[in-house]
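Step one of this worksheet: look at the structure below.
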Amino acid sequence: MTLLILVFLTMLIMCFSVLAVMLRPRPEQTALTDRLATLVSQDAVTVGNAELLLKPSSQTGTFGWAEDLLAGARVFESLRVLTLQAKVTSSVSTLLLTCAVVGAGTLLLAYVVTGNILVAIGAGACLAYLPILRLQIRRNRRVAAFDAVLPDAIELCARSLRAGHSLIGAIGNVADEGPEPVKSEFAEVFRLQNFGLPIRDALTQLMDRMPSADLRVVVTGIMVQKDTGGNLAEIMDHITNLVRDRMRIKGDIRVHTAQGRLTGWILCLLPVILLGVINLVNPGYSSLLFRDPEGQKWLYRALVLMIFGGLIIRHIVKGIEV
């Protein structure tokens with residue numbers, strides 16, 4: 001009976017997934033709509049349009065009603081920010097649907113293989129998190145790539161300011177000549193400012209799209225200069241030196257904590273390696289853990305403890321790096 005319910009739920013989720021893909025608008029239609037919206041928005045920016053520009057742009061999926069229903073939820077907002085920072089075209093509803101399909105399929109497969117509903121639920125919950133983990137990895141890589149080229153972009157801004165350009169002109173120069181991903185992000189700031197959005201709000205949206213501590217230092221320096229005055233080019237030079245010193249210190253800390261990270265990996269993989277070596281030396285020695293129901297319970301408990309231990313070690317090493 002339980003297997004039939006799991007099969008029904010899995011098929012239901014898969015049907016919804018196929019329906020969502022079929023009803024999704026084609027890229028040609030989306031591109032045409034964007035072009036028409038750009039042509040219409042070439043007029044003067046009204047108060048209502050300025051308020052819309054204050055809100056970061058986000059993708060709306062096929063299940064727009066579900067996104068409207070969950071718009072106020074904290075989890076939904078966190079996922080929306082994650083998709084924005086990872087710079088993916090999929091919406092939050094598509095992400096949640098993908099997690100549901102992966103989790104349901106894994107749950108069904110694990111239940112068929114093991115026959116244990118608790119193990120199946122645990123495996124489904126773990127693999128359902130994989131799409132979110134993929135976006136987090138993508139976001140971290142974008143932030144790392146952004147931080148790597150940010151000092152050069154700030155230096156280019158400082159040179160443009162000394163050449164007589166305004167701050168917006170300097171940002172435009174970075175958008176034209178800077179490396180990725182700084183180029184695309186500064187181009188978005190330049191575009192929003194041309195649409196009439198204040199530079200303070202455009203830079204605030206930039207910090208929302210790119211959660212970088214170095215970028216926060218840069219934006220804070222620009223905002224302070226806007227309020228108090230001063231030589232912005234000189235401030236940019238000091239910020240460039242500060243950011244490069246931070247990068248050098250981060251590199252030194254990463255070198256000094258390499259042994260701790262390696263130790264963490266060894267401690268996490270050691271039980272699995274030992275189990276494999278024991279099975280090679282003495283085949284059948286650990287068969288009781290896989291065949292006997294009580295041995296399977298202890299194996300599951302050991303797996304859970306290994307996961308918790310790996311997370312604790314990762315937290316300790318991460319704390320040292322920060």
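Any Cβ shown, glycine's included, is placed from N, Cα and C.
Here's what TrEMBL has on this protein:
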type: TRANSMEM; residues: 6-23; note: transmembrane segment
type: TRANSMEM; residues: 88-111; note: transmembrane segment
type: TRANSMEM; residues: 117-133; note: transmembrane segment
type: DOMAIN; residues: 154-278; note: domain 'Type II secretion system protein GspF'
type: TRANSMEM; residues: 262-278; note: transmembrane segment
type: TRANSMEM; residues: 298-317; note: transmembrane segment
Local confidence of the domain 'Type II secretion system protein GspF' (154-278) - pLDDT mean: 86
Secondary structure content, the domain 'Type II secretion system protein GspF' (154-278) (per DSSP, counts of residues): 106 helix, 0 strand, 19 coil
Residues from the same chain, set at least six apart from the ends of the transmembrane segment (117-133), whose C-beta lies under 8 A from its own: 2, 6, 79, 82, 95, 98-100, 102-104, 106-108, 110-111, 300
